[in-house]
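Each remark here refers to the structure printed beneath this line.
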Amino acid sequence: MGHENVSRYPWGPPDTCAIGLVLPIIDERLWNPTFRIAYYFASLLYFFLGTAIITQIFMSAIDRITSHTKKVYLANYRAKKDGSMDSLDYVLKEDEPEIIEVRVWNDTVANLILMAFGTASPEILLSIVETVAHNFESGKLGPATIVGSAAFNLLIITSVCMLALPDEEVKRVHRLRVFVVTGLFSLLAYVWLFSILHWISPNEIELWEASVTFALFPILILFAYLTDRNYFSGMRSEQTKAQIELDTLYNNQSVKSAVQKNLVKANGEIHKENLLKFVKEAKKIPNLKDEEIALLAATKLLEDTSHSSNWHRINSVRQATGSRKSKPVLSCKLQQVYDIIKDHPEGLKLNDISTVLGSPTDKGTVVEFHSPNVAVKENIGQFDVTVCRYGDLRSEVKVRVDSVDGSAKQGEDYVPIREVLIFSPFENEKKVTVKIIDDNKWEPDEEFFLRLTLLTKRDENVRLGNYPIMEVTIIDDDEPGIIMFQKRGLVVKESAGSISIPVVRLRGADGTVSAKWKTVDKSAIAGRDYIGGEGEIIFKHNEIKQNLDISIIDDLAPEKDEYFEVVLSDPTGGAKVGYINRILITISNDDDFNSVAHRLMVLTGANLDAFRVHSETWAEQFRLAMSVNGGDIENATFSDYTLHFFSFFWKVLFAFVPPVAIFDGWLCFFVSLTLIGIITTIIQDLATVFGCLIGLDDTMTAITIVALGTTLPDILGARMVTRAEEHADGALIHISGSIAVNVLIGVGVPWFVAALWHRGHGSVFRVPAVGLGFSVLLFSTASIIAAALLFIRRRAKIFGKAELGGPVITRYLTVFILVSLWLLYVFLNFLQINHVINPPF
């Protein structure tokens, strides 16, 4: 069906399938038909994979081209009380100017001219190559692929985006006017296509018609740009120059989102002070290497930086080909540390760190005393000490408790202990009874120790916790005690974040007592160098030690050592303040941390460089092409190795493409575009022969197999873009824009060239209207239904008032309708091609 021509060779009988522009390379006529079908199908899939990889390189060049920035002079501003970033209250303060770097390319223009063209380039070049290769006559494959990929983009990829979000999550189109403009131009383009095929000049394309088709593309760009810049909203004349510049800044999506992030400044640069604070929080975690901290910092920076939809599409192709990932892969431990730091933006406390270290939550069993010390009166007789078990409680655990002399002696001051404790399954506490001997004579306070020893084999995953030894203090009298500092002075580094000042209770621990404390400024000033104030420290009955925590402020500026005092006064409960009633705290300049921080910044920068979407040198390109997961073997999965194996040839071949560092990406742009054209030429031949072998018409092959293969980069990127971006713009505006670009360039350019060639040769450029026109009519109808459905979703509460996501039932209902429209589109085209139905025109 649809393959009237045959291949004629200088020898032997003709083949049933027509000769293509490149294929066949060798004589295939005697091959087994089944093997030949399988061979061409596998070849199609493999070349579709190559198309995706070279398109990813093409989009990397586009990303480099559109990343150029310019400096804009701005007055200061503040956000409105509602915190919204799209409604700013501008405050002009010419005495506090700021210079901001913004992208030269407008997001809407870049999306339509380069990004939409980048993902649609395989279909566009397929249409151009087919027309030129067939002596400037219209073929079936190119135009049908354009229309088929448009239907696939609108109906199937929108369905993929719909299902990408978690349950109940919704995302709306933010730049609605731009979405409406691109959508209307897409529909207008297909209505115009149908009109010139059937009404204006049936079955013939005149030069002026082709010229108008192509001219609609720059008109689309102009209208989309003016809409994006609010030229049609009536607000433009009221804006000052500074406000227009702020518009420029906040219309740049990457900068707009970055303003709200704490590690990225408004101009997109790294906020070094906040990054240092993040590093300091990470350094509070014990046993964390500098390399691991740098990896955490790079992860946070990549997460805080708003990326373009093009960036997400590039990385989706990388993931599908076993190349390096778009962000670092964290181990379970590092992921836990990262989550804890993110969940505590005010700073990590001791209990937060213990959660990360995982005493109660780690796999295995942890055994320890309930406290590191306890104080009792000599006449107490006996008391109980608790031994606790955490973690995995399913097995039996044995520990031994021994007493060890200090100033207190066994037999004289206490009864010695050597006891074995057996924790039964799911038992988490055991008691040990300690007996104190009262000798009825005065003695100073004495102490002895209790020690835990494991009696379990090492391979049973049992360990001692943070308190394997307990100090027991025997207090001779019933005095409430004396409260005082343990030392006269302490030194703390500026980067420490806080200092714990030990306060002790001596010569008695009877009852609950307290004392007041306050800070006294010296060379260090409260609020500038530390968080000062006053408060009360309380000792409970038998409690002999407390820690007073003071927060230290790191201003990240080099300065001399500074100090302040903390004073104790006004004891209660009969207690007294001892002779060390004040302590001097010296804040030391942190030169060593600054050197460590500098090293960590260098390591973080190296990590960020590893996750760029493009390479700067040929050597780097070849190294990445030949390495699974971009060289990160430790985190490579089995699927990474499998995908890398199949894509290895394409990766190495395309490593010869000039890096984007040469001529700011333009050389890479044109070379990769040429390679896309060559590959799509081969795909055209493969698809034609494959369709012929299975008895499928070129039009059906185009709207199904070829449309699916050439839109592979969009399929891979749709889910990631939808999940990653704040709004639905990156997904839906890209779909509507690529549909418009597809037809206006993919049909407009080859038809314009062909009509011009025929005009020069005095002939007529004929395009059969029936098949293509029917397909255009079907798509136009489906697009109207799909657009109406999306706008109903935006308005109706039952759909979550958003184009994407929403309640599960309504989400799947939308997908069912969209997929049904695509299946109906394919089925009706099949019936028309086989003359089961005939269009009424």
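Glycine residues also receive a Cβ, built from the backbone N, Cα and C atoms like all the rest.
Annotations in TrEMBL come from automatic prediction, not curation.
Record features (TrEMBL):
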- 355-453: domain 'Calx-beta' (DOMAIN)
- 470-569: domain 'Calx-beta' (DOMAIN)
- 37-62: transmembrane segment (TRANSMEM)
- 141-166: transmembrane segment (TRANSMEM)
- 178-201: transmembrane segment (TRANSMEM)
- 207-226: transmembrane segment (TRANSMEM)
- 652-680: transmembrane segment (TRANSMEM)
- 731-757: transmembrane segment (TRANSMEM)
- 769-792: transmembrane segment (TRANSMEM)
- 812-831: transmembrane segment (TRANSMEM)
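Helix, strand and coil counts under DSSP for the domain 'Calx-beta' (355-453) come to 6 helix, 52 strand, 41 coil. If you look at the transmembrane segment (652-680) against the transmembrane segment (37-62), you find at least three C-beta pairs under 8 angstroms, all six or more positions apart, and that counts as contact. The transmembrane segment (178-201) makes no contact with the transmembrane segment (812-831): fewer than 3 of their CB pairs lie within 8 A, with pairs spaced 6 or more apart in sequence.
Proximity of the transmembrane segment (207-226) to the transmembrane segment (731-757) is established through 3 or more Cβ-Cβ distances under 8 Å for residue pairs spaced 6 or more apart. Beyond the transmembrane segment (731-757), the same-chain residues lying 6 or more positions past its ends with a Cβ under 8 Å from any Cβ of the stretch are 108, 111-112, 115-117, 119-120, 123-124, 127-128, 130-132, 136-138, 142-143, 146-147, 149-150, 153-154, 157-158, 161, 173, 175, 178-179, 182-183, 185-186, 189-190, 193, 205-207, 209-211, 213-217, 220, 224, 309, 714, 718, 721-722, 725, 765, 767, 783, 790, 803-804.
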